[in-house]
Amino acid sequence: MSIRTPPRLLELAGRSLLRDQALAMSTLEELPTELFPPLFMEAFSRRRCEALKLMVQAWPFRRLPLRPLIKMPCLEAFQAVLDGLDALLTQGVHPRRWKLQVLDLQDVCENFWMVWSEAMAHGCFLNAKRNKKPVQDCPRMRGQQPLTVFVELWLKNRTLDEYLTCLLLWVKQRKDLLHLCCKKLKILGMPFRNIRSILKMVNLDCIQEVEVNCKWVLPILTQFTPYLGHMRNLQKLVLSHMDVSRYVSPEQKKEIVTQFTTQFLKLCCLQKLSMNSVSFLEGHLDQLLSCLKTSLKVLTITNCVLLESDLKHLSQCPSISQLKTLDLSGIRLTNYSLVPLQILLEKVAATLEYLDLDDCGIIDSQVNAILPALSRCFELNTFSFCGNPISMATLENLLSHTIILKNLCVELYPAPRESYDADGTLCWSRFPQIRAELMKRVRDLRHPKRILFCTDCCPDCGNRSFYDLEADQCCC
């Protein structure tokens, strides 16, 4: 039988304040700072709307991290917070202890509320003050508005959720009194007319990360393109499932791609570029690469169709010389010369830490072209080569070239062709012997930190089986 710790006197006093329907600002002016966070949480969860309005106006910190609290279904309480902010923004005289400058609705790992709750329980308010994180300001609008609202936009349904709808309507009516700062924008599915109305409310200069994954065709991309060009502080761009409509002529495609790629001339902070299943890149990668103004740290081009000329342009691009991550998985290279890939690896050898060449269809006759450059990537810590149909001899040769890469922590290689029957199914009677030979070869060469060999995708479940020292049959 557990014994509950009785509430502290301060805690009891604070709760009595919430029960007081006539709670006055003068009372809050004298309330100890350490009582505000736990009492605010209780007022929010109990929907004490009048108390919330007053507590927002007397909030003794520069920042109010509200996102963890609105995960509770309390739209009424959220509206009360906005009403309290209204009073701050419109009244001429502010409360004596007013400090609030930032309403933070970002979905980040935040222990503000937990720290102060534990402090209330244990009386360790000094530790709570020490554990406070510094306030994150928006450099774009410093000092121009009395309040900054940080928000992350995740547009995944046809309509906005009720909290975001409530917030955006409130912001729209007070746009001259506050600054709406969105650093992360994720578009996973919404009619573009709705997206457009939201983008018009946001200061595009503030956006640092954008992810678009909603099966757009080129005509829709053209509507998004002008907004992209205004995101001058964009650091990360992820595009996925962009298709060329069958109604778009080659001439129209070229014009649309040109309009899109020229926007990259304005993105002077871009460091991470990821494109997955983007069909318009075929034959046009040079247009995009020539418009890059910064040295990329991360480049991901996956499950796309590229021409051999696209690979050549990629190897010659000056903006990729400092890459830390290169992911070309799902790019079919079977019938291409890998000399451009060799040149590319030579360029990034001094900085490359992550290399993914899964499912590129690389065969025995192509591997030798990249081995000298690969063996000079001394910073490489992760290398994945699954899904490439190479023989046992070629795999052993590959392993002998990666032996000198001392920073390699994770290595993934395909099961050699000898592991399969003529119809392409894994031969479980032959496979254990091949695995044993491979592991012996690896141990003779070095002591890997983490090395896995993987099968082709199972025709029944679609998954790969990974194995190291033990070979387990597919779970299906």
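Placement of Cβ uses the backbone N, Cα and C atoms for every residue, glycine included.
Taken from Swiss-Prot as is:
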- 97-124: repeat 'LRR 1' (REPEAT)
- 179-203: repeat 'LRR 2' (REPEAT)
- 204-230: repeat 'LRR 3' (REPEAT)
- 231-266: repeat 'LRR 4' (REPEAT)
- 267-292: repeat 'LRR 5' (REPEAT)
- 293-324: repeat 'LRR 6' (REPEAT)
- 325-345: repeat 'LRR 7' (REPEAT)
- 349-376: repeat 'LRR 8' (REPEAT)
- 377-401: repeat 'LRR 9' (REPEAT)
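Remark: secondary structure over the repeat 'LRR 4' (231-266) totals 17 helix, 8 strand, 11 coil, with classes taken from DSSP. Distant neighbours of the repeat 'LRR 5' (267-292): 208, 218, 228-229, 231-244, 253-254, 256-258, 261, 298-307, 309-310, 313-314, 317, 319-320, 327; these residues of the same chain sit at least 6 beyond its ends, with a Cβ under 8 Å from one of its Cβ atoms.
If one looks beyond the repeat 'LRR 9' (377-401) by at least 6 residues along the same chain, the residues whose Cβ comes under 8 Å of a Cβ in the stretch are 324, 329, 345, 348-364, 367-368, 371, 407-414, 416-418, 434, 437-438, 441-442, 445, 454, 456-457, 464.
Across the repeat 'LRR 1' (97-124), the model assigns an average pLDDT of 66.
When each of the listed stretches 179-203, 293-324, 325-345 is scored by C-beta pairs under 8 angstroms to the repeat 'LRR 4' (231-266), 293-324 comes out highest. Residue counts for the repeat 'LRR 3' (204-230) by DSSP state, with H, G and I taken as helix and E and B as strand, are 15 helix, 6 strand, 6 coil.
Using a Cβ-Cβ cut-off under 8 Å and counting only residues 6 or more beyond its ends in the same chain, the repeat 'LRR 7' (325-345) has close neighbours at 274, 297-306, 308, 311-312, 314-316, 352-363, 366, 369-370, 372-374, 376-377, 384.
Residue counts for the repeat 'LRR 7' (325-345) under DSSP, split into helix (H, G, I), strand (E, B) and coil, are 7 helix, 3 strand, 11 coil. Remark: secondary structure over the repeat 'LRR 2' (179-203) totals 8 helix, 9 strand, 8 coil, with classes taken from DSSP.
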